[in-house]
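**Student:** These came from Swiss-Prot, pasted as-is:
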- 311-485: domain 'ELMO' (DOMAIN)
- 553-674: domain 'PH' (DOMAIN)
- Tyr48: phosphotyrosine (MOD_RES)
- Ser503: phosphoserine (MOD_RES)
- Tyr717: phosphotyrosine (MOD_RES)
- 700-707: motif 'SH3-binding' (MOTIF)
Amino acid sequence: MPPPSDIVKVAIEWPGANAQLLEIDQKRPLASIIKEVCDGWSLPNPEYYTLRYADGPQLYITEQTRSDIKNGTILQLAISPSRAARQLMERTQSSNMETRLDAMKELAKLSADVTFATEFINMDGIIVLTRLVESGTKLLSHYSEMLAFTLTAFLELMDHGIVSWDMVSITFIKQIAGYVSQPMVDVSILQRSLAILESMVLNSQSLYQKIAEEITVGQLISHLQVSNQEIQTYAIALINALFLKAPEDKRQDMANAFAQKHLRSIILNHVIRGNRPIKTEMAHQLYVLQVLTFNLLEERMMTKMDPNDQAQRDIIFELRRIAFDAESDPSNAPGSGTEKRKAMYTKDYKMLGFTNHINPAMDFTQTPPGMLALDNMLYLAKVHQDTYIRIVLENSSREDKHECPFGRSAIELTKMLCEILQVGELPNEGRNDYHPMFFTHDRAFEELFGICIQLLNKTWKEMRATAEDFNKVMQVVREQITRALPSKPNSLDQFKSKLRSLSYSEILRLRQSERMSQDDFQSPPIVELREKIQPEILELIKQQRLNRLCEGSSFRKIGNRRRQERFWYCRLALNHKVLHYGDLDDNPQGEVTFESLQEKIPVADIKAIVTGKDCPHMKEKSALKQNKEVLELAFSILYDPDETLNFIAPNKYEYCIWIDGLSALLGKDMSSELTKSDLDTLLSMEMKLRLLDLENIQIPEAPPPIPKEPSSYDFVYHYG
């Protein structure tokens, strides 16, 4: 008979003693259980002790968290959090440097536990740590090592959100900023200092201003030229935080300062083109910087043109002048009147491809793209003048019905690029899809526009398009761009080459190929064959999903991006009856053994799988921290008794794998986008294999007719 659900069997360790095997009744008070354990080892004063996990982060067990204890867990009897906090408080202020160093090491480790952190903070522990840092006394021995542990403990304690970051003093900020600005500082101190400054900026608007005054652009950029990718990552993270929290009127100034210090080229040469693979966190920070840089365009994108603003109208005049040469300006001709000049302007604006020939300023009153489109056109006209003139004159000399309207095309293309690059949207926590080519040029967006407007003109000619085909051409151009971007070209020239290979005929071929599975096999016999094969394919997909769950996946812990990443791992037992999971010190490179995963959930106990906003950990997050990308990757397992295991998948692929696998375990349909894609691919492949012998044979829409009965059956011979 299985034990009651309130009873869990555990092993409890104590240094120098044999472990106790104990059945814990979860209905009993924790203090009573601790007393029983202490009595087993004849330890007095049981109120001085508590239980904590022996493995992983070694978290303390409280009345609130005791329900997480599972059968087979190994626990430790340990000094209670309040007593440990008191002892460490005394030891961190010891006159003996060895004692103080050991205390700081232990404090840095225990501070990750919220139970201990609460006790230590209640004893004004954070104030003690900040004073130690503010004193800046370079002790004769162990100074760097002790300071590193002090900063680690401080960061761990603050990360729990128990006290506000606003409590830190100017002296503390100056001291931390000093470690960042020093030319020769210990790597571990520099890393923690950068992380602390980033957390301050992200968590307090008032601290942002103080830190912005202390940290210079040059100081941060110098840390990008080192060989340590972790330091580079923290430096870019701080740059991103300062960028993100800067008032709108200051962001452009920051961007200009970064440009003067050649931030982009330093990142390109020392990070992206360095001799090291880009780690996940670095890729995320590069993605964030890319998004924030493009977001500087948002103001122009959302600014309408004022038709009465002469300076803005002069830009349109400049576009006309560059295209058609100042010498042909009618105002230079003797005796030219106002009406004649207006007629000439109208003709030129029509040749430039504006929708409103009389007053082209009206074309820029829609947002997006607003004035950003005009900025792009002027950049092309001035920086790539030959290209601009060629496109305009080439189209103005065509037959009317086949001319590609440059003005209208440029406006719509700018809007399209803003949509594709999501200009104006905040960075997503779970994404790391930066594009190296955007770090190869200070005016990457304008250069991208220049490449794509040439692509549009080329595609227009290949399609032999007319004005009525404008939207069709734009759809093809969008497809060409979105097919080229995922290849992540290293330079704009490589991107241009990729677009050249995606000609209109190639797009048609790709579309045709992708339609094969949908359009080629629609006759009733083929449909019937598909329906017969489909269950086999679904079973194959199901087995693949379950096999992937058996291999397991690594998941990043929520809320730890600003510090060293923490991970946990989950995998399905080979008999498909239990989910094993547990914390990890590092992101694993290979398979994690079942033995190293201490926690488990019986599949029979799983009640439901919820996703997105229905997940408990998404409801807990504030609206400011939520974003669409994280919601799309979130899912939770609800299991008895009223417990949850919360996930945020590293990417959409892993999300689909786990949702499908868990659904299959519960006997539900696999409904992810990946299943639909895999089903279509495998069905199409299987159908083609089975129909190889029928190549060039017309398959009828209906079965052949049944012939009439013969007039007699005299041809039948009966053997005697």
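Each Cβ is built from the backbone N, Cα and C atoms, and glycine gets one as well.
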**Student:** How many whole Å apart are the CA atoms of Tyr48 (phosphotyrosine) and Ser503 (phosphoserine)?
**Tutor:** 75
**Student:** What kind of secondary structure is Tyr48 (phosphotyrosine) part of, going by DSSP in three states?
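**Tutor:** Once the DSSP labels are grouped into three classes, Tyr48 (phosphotyrosine) ends up as helix.
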**Student:** Name, in the order they occur in the sequence, the residues of the same chain whose CB lies under 8 A from the CB of the residue listed as 'phosphoserine' and which sit 6 or more residues away.
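**Tutor:** When sequence neighbours closer than 6 are ignored, the residue listed as 'phosphoserine' has Lys458, Thr459, Glu462 within Cβ distance under 8 Å.
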**Student:** Around the Cβ of Tyr48 (phosphotyrosine), how many other Cβ atoms lie within 10 Å? Please give the count over every shown protein chain.
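**Tutor:** Summing over all protein chains shown, Tyr48 (phosphotyrosine) has 14 other Cβ atoms within 10 Å.
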**Student:** Can you see whether DSSP assigns Ser503 (phosphoserine) to helix, strand or coil?
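**Tutor:** Going by the DSSP assignment, Ser503 (phosphoserine) belongs to neither helix nor strand, so it counts as coil.
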**Student:** Counting each residue once, how many in the domain 'PH' (553-674) are helix, strand and coil under DSSP?
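**Tutor:** For that range the per-state counts are 36 helix, 39 strand, 47 coil.
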